[in-house]
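Colleague: The active site, proton acceptor annotation in TrEMBL covers His74. Under the heading Ca(2+) 1 binding site, TrEMBL lists Asp75, Val78, Gly80, Asp82, Ser84, Glu96. Annotation source TrEMBL lists heme b binding site at His165. Here TrEMBL flags Thr166, Asp207, Thr210, Asp215 as Ca(2+) 2 binding site. Per TrEMBL, domain 'Plant heme peroxidase family profile' is recorded for 33-288. What TrEMBL records for Arg70 is site 'Transition state stabilizer'.
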Amino acid sequence: MNSPTNVSRTFYSAIASALLLFSLLMSTPTNAQLSSTFYDNTCPNALNTIRTSIRQAVSRERRMAASLIRLHFHDCFVQGCDASILLSEAATSTSERTAAPNAGSARGYEVIDAAKVEVEKICPEVVSCADILAVAVRDASFAVGGPSWTVRLGRKDSTTASRAHTIGQAQCFTFSERINSNGSDIDAGFASTRTRGCRNANLAPLDLVTPNSFDNNYFKNLIQKKGLLESDQTLFSGGPTDSIVSQYSSNAATFKSDFAAAMIKMGDIIDPVTSQNGVIRRICSALN
């Protein structure tokens with residue numbers, strides 16, 4: 001089953017994709033040999049240090065939580081969770097940052113870089129950027145009211161970029177066709193509201209009610225035909241995911257629980273090559 005989200009968009013869909021992500025990942029084999037206690041002896045204060053750094057970043061801008069979730073999502077679904085997405089254009093000629101799905105929209109790199117700096121101060125060249133990103137996503141989720149989960153650790157960082165590739169906002173051009181379509185799958189009042197002030201680069205929240213909080217209002221919006229993106233509304237359009245949308249819209253606890261389980265499973269996806277030959281990058285955006 002393919003995910004309904006379009007990875008070229010800044011999305012709450014990174015969170016809402018738990019609808020299909022959960023069912024997909026529960027049947028996806030992983031190559032992980034990870035442990036939640038991996039750094040207990042080599043860097044016992046690593047997780048607290050990352051948590052403090054991420055909380056500070058999210059307190060400055062709550063939207064950053066969605067951006068970090070998106071980074072992790074994109075990183076893991078291309079050759080596993082190996083921090084390849086964090087490599088800058090200067091580090092590699094095939095940087096994922098400039099790939100079509102990410103250019104001009106993926107963000108939060110500097111937040112991971114800052115967390116890495118703090119970790120390097122206490123444990124030089126011990127904690128991978130891939131692990132920092134995985135922990136950062138968990139801490140960012142919790143900071144905006146989402147679930148927490150136990151992160152399994154022990155990833156290595158890639159030395160190359162990959163060859164392919166309920167919070168948050170989307171640019172106007174990604175939903176302008178939908179709000180102007182006069183279609184039967186969009187609430188007329190909602191479309192009119194979104195049409196006003198819509199310019200190509202303007203941003204609009206994917207969840208009008210609580211755009212910067214992790215909750216289940218996104219699913220309630222879909223039932224009311226108020227999904228901002230066509231790929232979102234498809235989740236509730238007479239298809240097999242309707243029942244899941246209905247369940248999550250009425251039970252926020254179930255959504256949070258399923259999302260946490262899916263994030264754990266996604267974080268366990270490891271490329272065997274990277275796990276054997278990877279490195280611990282000193283700077284997340286650069287090669288050693």
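Every residue gets a Cβ built from N, Cα and C, even glycine.
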Colleague: Pop the mean pLDDT for the domain 'Plant heme peroxidase family profile' (33-288) in here, whole number is fine.
Modeller: 85
Colleague: Nearest to Gly80 (Ca(2+) 1 binding site) by Cα distance: which of the recorded positions Arg70, His74, Asp207, Thr210, Asp215 is it?
Modeller: His74
Colleague: What is the interatomic distance between the Cα atoms of Asp82 (Ca(2+) 1 binding site) and Arg70 (site 'Transition state stabilizer'), given in whole Å?
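Modeller: Between the alpha carbons of Asp82 (Ca(2+) 1 binding site) and Arg70 (site 'Transition state stabilizer') there are 14 Å.
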Colleague: Cα-Cα separation of Asp75 (Ca(2+) 1 binding site) and Thr210 (Ca(2+) 2 binding site), in Å?
Modeller: 27
Colleague: Please determine which of the binding-site residues listed here (Asp82, Asp207, Asp215) has the lowest count of neighbouring CB atoms within 10 Å.
Modeller: Asp215
